Structure formats: C-alpha cells, structure tokens
C-alpha cells in the first residue's frame, strides 16, 4: 500500500521532502556534535583547537571582556589559544589521570606571568622583621582521621575575591584569624583586608607581602576591624583607620613551624585551625576540579589557606581556600595531592597567630 501511495506522489514533491529531511538530519547531527563538543569542553575534556575562535568569542561574552583595540584583542586571542593547548595537555596528563580537570575560566586570556603579577601577591618586602616564634615539630605524626575539614564545622568564612590587587598575603592571613575567631566564639566574621593593605607599614599592600609579617603588623596596630567598618576597595590608599571603631580581633603572638614531613601538617591543622601557606600558583590557573597531582614548584608567589584533607579514589589530598572568587575551581577551593610538596606548599614555614 505504501509503495502505491509513493508512486502516486508528485516526483518533485518527493525530491523536496527528501531534501528537507536530509537537511534537518544534517543540521541535527552538526548541532549535536557542537553541543557535545561544548559539553565535553566544559567537563574538562579536550578542546577542539579548530574551534578556538568560537571558544574565544563565547569567553569574551561570558566574562564581559572589553579590549581597547583590535591589536589587544588579537593578543588576548593568541594567549587564549596557548592556554587551550595547555588545558588540553593537562587534561591528557597521565600523572593527574582522571583526578584533576582544567577548563576555560576568567583568566584564560592572561599569560601566567600576567596572572602572577596581578592576582597573587606573595613577595618579600625590603624590610623584613621576624617576631614570630619558631617551633620545630619533630615528633612522629599522630594517627588521626583520614578525613578532616574545618568547613564541616562552620569555621571557615566565605570565599573572597582579591581581584587585581596583589594582596593574597592579607587575605590568607586574615582568613586564618577569622577561623580562629570562629573556633573560639562559634561565629563567623569578615575582617578587613583593606586595613592591612593600607596600614601595614612593612608589607606593600596590593604590591605584595608576607604572611608572618602581616601577623606582626596586626600586633603592632593593636588589632583588626571588620570588613563592614573598613571595606575592601582593591587598591593602595593612605591608612584610614577610624579610631572610634573598635578592633574586633587582636593578636598577642605568632608562630612559624618547622616540620619533618607533610604528615605532621595534619596534626597542626587539627590543633590550631586553618593555616595560611605559600605556594606557586602557576599550575592552578586553569584548574576546574579534582585533585592536582602534578603542580609546578618554581618559586612561591601566592598565599592560600589550608582548611582540610582527605582521600578520594585512593588519592590523599589537601584542601585549600583560594581568593579568586567562588566562580573559580571547586567553588573557590582547590585540592592537591599529599606528600609530593605540590605547588611548593612546604617550601616555606607555615605560620599561625595567637588571639588575645
């Protein structure tokens, strides 16, 4: 019956129908392929480098990028394409295996050197004091739990965003003080990074600083005000402390720790709370999620906060709080493999403060 009906149809109509069906199928296949590629890229799979211009235009739109000239846009596109190559290489790295993935993010039009210069900020001031007492932790590590995370006890404040102000040192320092305050008073407060940026006479504001010198400067100033009383503006200014507004936290001392191995860091973390630490941030720029196993260790340039540790699929990891906003990494956090000095995390001495 269907054969007879087909014979009765006008041949030109049949040709038209066939053309429409084929065209729709082709469009569907192409659309599916493009969507699949985009979805795979979002999940950290390989980016199709032939589609780099499309990825870049989407990136510009998604992150509201504005370039001052065609020359600048072309330069950013070139860097963006280089970063795609690196992301693909990292996602195919057998060292990290399936544990860490990388993807396009808001930094993907910046070179590593540009990002380190603008969005980190760990550096050595010309004048370096050292009032913090050094403690050597040479006892064998305790047999503590395999998993521990201060976030689960509501002792870690929200993710901050330092922007293009190189004051990671202030953010990491105060994040640890905020956690110690929460451990003592069972409530979270946001302290003023801008106060340290403006009023710390040793460190260099948005041009860099160190963790232990920040603790020392807090002691010299007498304390820290809240973020509400002295809000963040992300640039260097003259010190604008209002002496009529109270310091909510004061410090009476600080410590720096020498440890025989990373395992001892677990004991310290559980005992004193989240710990500010120095790292090399070059390899975490395009991080998306998972545990980083392979991370550069070519010089410390960024400060972050150690908040926990655990094991995933047999891989032991550390959890760090970053200061690049909650739209980066795992909602603002990242994880690295334990016991490999990932990102140079144990190159410098860990520091903590003592609340008054």
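Just so you know, the numbers here start at 1 and follow the chain as drawn.
Keep in mind that glycine also has a Cβ here, set from the backbone N, Cα and C atoms.
What Swiss-Prot says about this one:
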{"type": "ACT_SITE", "residues": "168", "note": "active site"}
{"type": "ACT_SITE", "residues": "302", "note": "active site"}
{"type": "ACT_SITE", "residues": "322", "note": "active site"}
{"type": "DISULFID", "residues": "165-206", "note": "disulfide bond"}
{"type": "DISULFID", "residues": "199-239", "note": "disulfide bond"}
{"type": "DISULFID", "residues": "295-343", "note": "disulfide bond"}
{"type": "SIGNAL", "residues": "1-40", "note": "signal peptide"}
Site with most surrounding Cβ atoms, counting all protein chains shown within 10 Å, from the disulfide-bonded residues 165, 239, 295, 343: 343
Candidate nearest residue 168 (active site) in space, where candidates are the recorded positions 199, 302, 322 and distance is Cα-Cα: 302
Cα distance (Å, whole number) from residue 165 (disulfide bond) to residue 199 (disulfide bond): 15
Secondary-structure category, per DSSP, in which residue 165 (disulfide bond) falls: coil
Residue 322 (active site) CB neighbourhood, other CB atoms within 10 A: 28
Assigned conformation of residue 199 (disulfide bond) - DSSP reduced to three states: helix
Neighbour tally for residue 206 (disulfide bond), based on other Cβ positions within 10 Å of its Cβ: 22
Cβ-Cβ distance under 8 Å to residue 302 (active site), same chain, at least six residues away: 116, 120, 121, 122, 168, 278, 279, 280, 281
Residue among recorded positions 168, 199 with least C-beta crowding, 10 angstrom cut-off: 199
From recorded positions 165, 295, 322, the one whose Cα lies nearest residue 239 (disulfide bond): 165
Shortest C-alpha distance to residue 206 (disulfide bond) - which of the recorded positions 295, 322, 343: 322
Between residue 322 (active site) and residue 165 (disulfide bond): CA-CA distance (Å): 14
Between residue 322 (active site) and residue 295 (disulfide bond), the C-alpha gap once rounded to whole angstrom: 16
DSSP three-state assignment (helix, strand or coil) for residue 343 (disulfide bond): helix
